[in-house]
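*Asks:* Pulled the feature table from TrEMBL, pasting it below:
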ACT_SITE  A:SER152  active site, charge relay system
ACT_SITE  A:ASP230  active site, charge relay system
ACT_SITE  A:HIS263  active site, charge relay system
There are 2 protein chains.
Amino acid sequence: METKPSEISSSKMFGGYNKRYKHFSPTLGCSMTFYIYFPPSPSPSHKFPVLYWLSGLTCTDENFIAKSGAQRVASTEGIVLIAPDTSPRGLNVEGEADSWDFGVGAGFYLNATQEKWKNWRMYDYVVKELPKLLSENFPQLETSKASIFGHSMGGHGALTIYLKNLDKYKVSVSAFSPVANPINCPWGQKAFTNYLGPSKADWEEYDATSLVSKAHDVSATILIDQGDEDKFLHDQLLPNKFEEACRSANVPVLMRLQPGYDHSYFFIATFIDDHIHHHAHALKL
Amino acid sequence: METKPSEISSSKMFGGYNKRYKHFSPTLGCSMTFYIYFPPSPSPSHKFPVLYWLSGLTCTDENFIAKSGAQRVASTEGIVLIAPDTSPRGLNVEGEADSWDFGVGAGFYLNATQEKWKNWRMYDYVVKELPKLLSENFPQLETSKASIFGHSMGGHGALTIYLKNLDKYKVSVSAFSPVANPINCPWGQKAFTNYLGPSKADWEEYDATSLVSKAHDVSATILIDQGDEDKFLHDQLLPNKFEEACRSANVPVLMRLQPGYDHSYFFIATFIDDHIHHHAHALKL
């Protein structure tokens, strides 16, 4: 099985290209797809900084590319967008597709420790395998300059990956409507129980609110947009818990509550330019 | 069955709202959905001009709203977007879903004359029923100021509806990758044979290239964008036939061949702002 990515589609947009690739992932034990948006290049030897987008529950690598409109400003800012899928696919683990909020499409960007879900290692896939694969196969990417953002489950994934890798290469982080404190909400409790087992100490290793309260040396402001008519706000997302933890730990956070907006890509598309600018500013320092 | 539209969803975007409605259509004999994008309103009594978008084969009322990014500039220009569905649904006509390019999702914006497809009256639905319904139910719309555009089958629908109603209310027209001369391409020949019967004279009543060659008093420039890597360009779309007919009939046309672009919404999203500005300019004269 081929671990080297092969191009499966290419569409021009805003002067650049949305390209979709397929490869076999040794980390996950299955074939995976991801999208790269390449902005127009000023020269053949130009290298672009990269911005990872992590999607939410039920999404694939396609939703962000089709619906966010991020490519417009990524083109003018000269930033590459990377959109991975949200879980392993095609493994036929019993019950993997029984719930929309668990299993397929619901990797939660962690490394599962429970035998049944041993292939669910989206943390290692996003943090280790994918950057290495990109670095080895796409010379036009400056993979050492990388920032990360995402939506809902993926917004949380972005926050945790950033907070767990402050000493490494991640430059800046932002999130739309993140599942900000999963150990205290039904989506998170269901996923973490199944993937990580019953110990809450293990859960805290993948909880953004727990992680930020122990964070040191977060100097770049964390940008979060949240719609105040998001139907998941009060039961599942709990951004106020994350904001409180940031304040206690003296971590700079800009939490913007956007009146009237819901949890959809319509909300994301409205504010995506601000997030791209936020990351472009950090990546170009 | 209720002909008055009822709201079935509402999502804020770029300060305005994407609202989806459902109603029973007497013209088509089935329940239909459509989207309206309302930009932010400067006052409760403000009336907006309207811009109809007609989608292509296989699309519903949702594709344009989810993928085009048109709402951003519609908001700043103060224009309402209307996105109807592409055919009757749920009638269970034998064979209606056997082909992706005929039947359900493939109304071709004409009035079928053949008994089997008697409900396929998308021309009357878009030209008569929908404007009346909008005028009667949405006081914030200035439905007498209306322009029209679309993509592929819908780009062709926009051109034909405009050319057949020059004496009425349509202000301007534009199209992305229109099926510009359907009587001379496989998609059109299949649809027109089934919907309209064997007479080519009847087909010409719904063929943009035939219509424009007989047009009088087209003063506003027709804007067309076409990707030169569109895989349907040479067999199905034939924009050169339409352009030639425009030149012969002295109809002003701006045909832009966009290098590297394909037939997708990635292409549409790239140039949608230009089209919105084109219509805004005409609607505000």
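Just so you know, glycine gets a Cβ as well, placed from its N, Cα and C.
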*Asks:* Cβ distance under 8 Å to A:ASP230 (active site, charge relay system), same chain, sequence separation 6 or more: which residues?
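*Replies:* Long-range Cβ contacts: A:SER177, A:LEU237, A:TYR261, A:ASP262, A:HIS263, A:PHE267.
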*Asks:* Hey, what's the Cβ neighbour count for A:HIS263 (active site, charge relay system) at 10 Å?
*Replies:* 22
*Asks:* In the three-state scheme derived from DSSP, which category covers A:SER152 (active site, charge relay system)?
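*Replies:* Once the DSSP labels are grouped into three classes, A:SER152 (active site, charge relay system) ends up as coil.
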*Asks:* Please work out the number of neighbouring Cβ atoms within 10 Å of the Cβ of A:SER152 (active site, charge relay system), leaving out its own Cβ.
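*Replies:* Cβ-Cβ neighbours of A:SER152 (active site, charge relay system) within 10 Å number 25.
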